[in-house]
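Report on the structure given below.
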């Protein structure tokens, strides 16, 4: 009796703790956030593991993502269905990877997916152009964009193939002291 939570079984909570950087309290807080996004869709009882997809259009309205120029790409990177719709597991994964406790390697893996717009497992000049357009709100002149993209490829392309593989990207991220402090969101 009493106020014991019944949103998840103890086993489910233990599994979430094992697979994320969160404790039980954080997981319950995340469920509350997920529920707030779509109260008519998200159940309060997850003990039977319902599969509910919250549409990307609702996810990107969260304060943590609303102003981010990569909000759709972030949500798509964590979406199992590839359309940006998130299950609770996807939602927890997104917050776990973007939390301050997640290691640089894990963050780099997802950052690479986010910046790989054409999903060819490389960051090519076109991907860099799209990244710059989002970061600068398309305020750079075309010749400036070309110059910046060429310089990034020149500096970061370790194997000289004209594009950045994950190893190139990871090396570049390792040299960016502010990557960890900027690639995160709080619950």
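Note: Cβ is positioned from N, Cα and C throughout, glycine not excepted.
According to Swiss-Prot, the protein has these features:
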- 66-101: domain 'EF-hand 1' (DOMAIN)
- 103-138: domain 'EF-hand 2' (DOMAIN)
- 116, 118, 120, 127: Ca(2+) 1 binding site (BINDING)
- 144-179: domain 'EF-hand 3' (DOMAIN)
- 157, 159, 161, 163, 168: Ca(2+) 2 binding site (BINDING)
Helix, strand and coil totals (DSSP H, G, I; E, B; other) for the domain 'EF-hand 3' (144-179): 23 helix, 1 strand, 12 coil
Cα-nearest neighbour of residue 120 (Ca(2+) 1 binding site) within the listed binding-site residues, 157, 159, 163: 163
Spatial neighbours, same chain, of residue 168 (Ca(2+) 2 binding site) - Cβ under 8 Å, 6+ residues apart: 123, 156, 157, 158, 159
For residue 118 (Ca(2+) 1 binding site), the three-state class that DSSP assigns: coil
Segment-level pLDDT (mean, integer) for the domain 'EF-hand 2' (103-138): 95
Residues close to Ca(2+) 1 site centre defined by 116, 118, 120, 127, Cβ within 8 Å: 115, 117, 119, 121, 122, 123, 124, 126
Assigned element (helix, strand, coil) containing residue 127 (Ca(2+) 1 binding site), judged by DSSP: helix
Nearest-integer angstrom distance between the alpha carbons (Cα) of residue 161 (Ca(2+) 2 binding site) and residue 116 (Ca(2+) 1 binding site): 16
Site of maximum Cβ density within 10 Å, from binding-site residues 116, 161: 116
C-alpha spacing of residue 163 (Ca(2+) 2 binding site) relative to residue 118 (Ca(2+) 1 binding site), in angstrom: 13
C-alpha spacing of residue 163 (Ca(2+) 2 binding site) relative to residue 127 (Ca(2+) 1 binding site), in angstrom: 10
Counts of helix, strand and coil residues, the domain 'EF-hand 1' (66-101), according to DSSP: 18 helix, 1 strand, 17 coil
For the Ca(2+) 2 site built from 157, 159, 161, 163, 168, further residues of that chain with CB within 8 A of the site's CB center: 122, 153, 156, 158, 160, 162, 164, 165
